[in-house]
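Taken from Swiss-Prot as is:
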- 1-29: signal peptide (SIGNAL)
- C81-C200: disulfide bond (DISULFID)
- N109: N-linked glycosylation site (CARBOHYD)
- N158: N-linked glycosylation site (CARBOHYD)
- C217-C225: disulfide bond (DISULFID)
Amino acid sequence: MQLTLTLSRASGMQLFLLVSSLLLWEKVASKPTAIVSTDDLYHCLVEQSHNTFIMAADVYREFDINFAKRSWMKDRILPLCHTASIHTPENLEEVHEMKTEDFLNSIINVSVSWKEPLKHLVVCSDCSSGASVSMGKKAVDMKDKNLIILEGLQTLYNRTQAKVEENFENFDYPAWSGLKDLDSSDEEHHLFAICNLCRCVKRDIHKIDTYLKVLRCRVVFKNECGVSTF
């Protein structure tokens with residue numbers, strides 16, 4: 001018996017975009033980022049950042065469902081994220097005024113600020129009672145993808161500079177000081193710290209995703225695209 005698979009036009013386009021994305025990522029992943037074209041690097045970083053944001057949103061949603069509705073959690077005031085001091089554009093006027101290299105610098109500062117916290121989020125996801133296996137896996141994937149994004153961002157940034165930066169020592173990123181609360185033996189302090197971490201990583205990865213799309217529009221498409229997030 002012959003089976004015929006019929007795809008709607010919309011489904012066929014989604015499949016085409018998915019396959020194209022995978023092929024592009026395989027093409028880039030098979031090369032050192034230093035020899036990947038700027039256009040391809042932007043396309044792949046946007047794909048990576050968008051997927052990472054989806055995972056961050058899923059992790060935050062799961063935490064919210066499992067933990068955040070506890071009565072004591074509702075009475076607490078959420079503190080500022082540790083990246084709040086990093087200057088990033090907040091409206092279209094600031095976006096247009098910011099130079100590409102300064103834009104990349106800001107995004108790198110946000111991304112590198114999450115290297116250490118994401119390591120600890122992975123540990124907490126594995127050891128927290130009530131956290132699913134899926135939540136732990138997504139935390140690991142977020143940590144790994146952030147490093148991939150960071151490597152690509154550094155490559156793009158270096159292409160705007162006369163002097164190549166080999167590491168992040170010259171970037172002005174804020175230190176994270178939330179480990180004490182995260183390691184607290186008090187369950188309320190511990191869970192509240194995880195809640196804040198999940199909330200902030202979702203917020204910041206959304207920023208990275210949005211800003212990469214803005215820069216891709218500027219650099220790759222010469223501003224001939226619609227980015228209306230601001």
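Cβ coordinates are placed from backbone N, Cα and C, and glycine is handled just like the others.
Just so it is clear, the model here is predicted, and its values are computed rather than measured.
The Cβ of C217 has fewer other Cβ atoms within 10 Å than any other of the disulfide-bonded residues C81, C200, C217. Secondary structure from DSSP puts N158 (N-linked glycosylation site) in a helix. Neighbour counts were taken as the number of other C-beta atoms within 10 angstroms of each residue's C-beta; across the recorded positions N109, N158, C225, the minimum falls on C225. In the three-state DSSP scheme, C217 (disulfide bond) falls into the helix class. Straight-line distance linking the Cα atoms of N109 (N-linked glycosylation site) and C81 (disulfide bond), rounded to a whole number, equals 14 Å.
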